């Protein structure tokens, strides 16, 4: 049922039509046409119409009768005659595309189209015409009746002769939802795929879908393309597409494919007489962009493309409200994920209408799909599946994208630079407006333009098609000359070969990029080729260090500390100092000490490897460390930031070896309060030298914490310095644990937040490095002990360097979460019955630890809720203090501290090296710095980028190994808890392995149908299972957040991929048993 707003819009259209000047008689129109269009455009039209007529006589396409056209639109002829003419896109014009009462010729319609467009433009300029009348219908993604489909893959997968059945199903779906209140909506009812296809993997269904799309393109009537010749690249001002009158539902047209016969022509759109018609707009000049940014007419931000719906992308809003939405590939204008872009906000009538703030972030399925997705179409994901060759899928080739692009250019002079009011206030029906934009300039290409994928042979073409694994990247044309020598003769040999391809060019008149193969990685599905592909794609430098870099290292090995250097440092080698790290760690960059003082207080020290002693400024070693910015930790290996001689030997605080350090030493009470002996000695910073007495693992420290009275034998621990008895080390660990507990309690009482997300770890075969098993890493008291003192050292260092260098201090801030998303989450939790307080970091932390019950599923519910709470959170960022003038912006939201930095891991983070240099300069124990604010900020920004990349690569490595584990050891069965519900799928947390997977209802074997409804902000799916016994009634299963289900993890046909298969509820435990 149409919403009140929709009904109003539909009723408004005839009224607007009435205000237009009436169409002149055909003779006048013809005269006006001859007068105004004695041009190549009119000549072209006549030539094209003659060709069309000739082709019809030869039987090259179906006769474009009014009935045929109406059938294609699924509108009865009688109703179609009443549909207002659609002048928003000149490519819609064909000899049969518009018949007024079935009588007028194509020529008269073409003339009427021109005259009416002119009349409408005159009407829009008339005084007294309201903005609503002038701008026309706002694009409404909730109903999508104007054919502006959110995700084009569903339409692209239908054959032309399937469209009627598809559209009938859409109407049937829509009709079933008419009894809807504003508070509760039944939004989707569908049946899953037939048993023959329901059991197939997501990749197989993807292939089936794309096969259909290929047929759709190949069988598309030629008449659909005939009008394209009348498209002119200069037509930038087009009227908005009008809605149909009440009772008539306009269906989206089939996407049209363009033909191509050469590398230059492939995927390109041609205009009149062979001229290439731009797919993308030209970029603005640097001067235009600079002026637009200064005036506030343009926005700059980092482009984020939704990995599950690659048509949707976003940039952050400058007011930290809702992200700005970019609709489709054309709106992105050849920018890729992560690029820094400048965008122009589109007119208000083109803004997106969404149901909730979550839709504004691109993380939920579009409401559009409730009406536009057929029952046999599965959502496309970014799974690593080769895409069929020769299929111009909707990623770039949909004509609808071109239509949207041209509509998006319809900016009038009065709209440029106009300050629009905040659209954040929900409208009466609960809908929200979200700003939309288009890219007009790429400031910085952050994306590497390198991508892994598969090479597809195209017969009779001088090029091959490269299909990226990441669907957010366009397909790439690669000349056969750049392909393997025998690729043309034996393309099948390369069907499963993984390549790296780099984009070299993406012309404005081409749907596809151009590129060159950079490397053949090997067989898809093997760990090393896949790992190398990840590293190259994310521009992780894993090359060997050059001779110039190695020449910066000490030459005389084994290296010893020079006597001159020892004399400059505080000698702590006789103190009981030790390291606590993972058992496999080799880069030990932090150590701890704890000594009881005569007055009952403790002297606690944090000792950090003095990497800045070995990495001097402005040499080759410093340059490569600055560029890499961070070590990258993968499951089977580490890509180090520094040469291994430093990482694992000279800087690593290995036991029983003298090492250079930077130390912070406090006098602390047993309760964890810093208590100064003298005001200037309460906290001491300085360069030092230590000799670690033992290398403890977290397991060793945990054993000591859990057995405070135990006398540990020497064989239970690693080698220990005989100067320090095991009991002394044990007691120091216990004292540190006691102080850390108090420090931790004070932090959380003071308003700190920890969003704990569990991590999957693997046991590997030492020879093959293949996964033998996996387990969820346990975060225990020994981990918390180390964390507390590292935090204390980082906070203390931040205050120290900011006080000394207020303009060039490198700090780390954490902005607060987005307010609108927090409000949305609060409402969602209230409707779920969860008592949660999101007013501050501390309030949220308290809620996460007190409001989720006390049973064996408490930790699972906490992890689900933690995931929900993570979505509004923003990333922590390095920054230079001289760039931000408001010190309130320095604050770290999660830690709830005013100043914070990174000081404790200089072996693996370059930001820490910069902080060490600042600290040394402030203490007059290092060279003076010539750093500028701009230099520090540039380095901070680069560190942010590389830290994000490092985290993503680590996640991909873990996913890769778990995929191999499922393939080798699966199927794996586990309980799972629902994390989120969409209209045709739901996400689950697999409890045994703590991985997250999406379950698609249409892929569930044995499911008869499913029904989606939304109450307020809360979605719910009802699954109807086919009864195994015909005499029994079907079984219903309700899926909502926190629902427990049983799943089976099974390997897919595609390399390294697996699916979560939902098991029948009869085969699962009952809810009463599970809860």
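Every residue, even glycine, has its Cβ placed from backbone N, Cα and C.
Just so you know, TrEMBL annotations are computer predictions that nobody has curated.
Quantities reported herein were computed from a predicted structural model and do not represent experimental measurements.
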Correct range for region 'Disordered' (source TrEMBL, candidates 308-353, 354-399): 354-399
Cα-to-Cα gap, residue 581 (Mg(2+) binding site) vs residue 589 (site 'Important for catalytic activity'), nearest whole Å: 9
Sparsest-packed of the listed recorded positions (581, 589) - C-beta count within 10 angstroms: 581
Residue 590 (Mg(2+) binding site) CB neighbourhood, other CB atoms within 10 A: 22
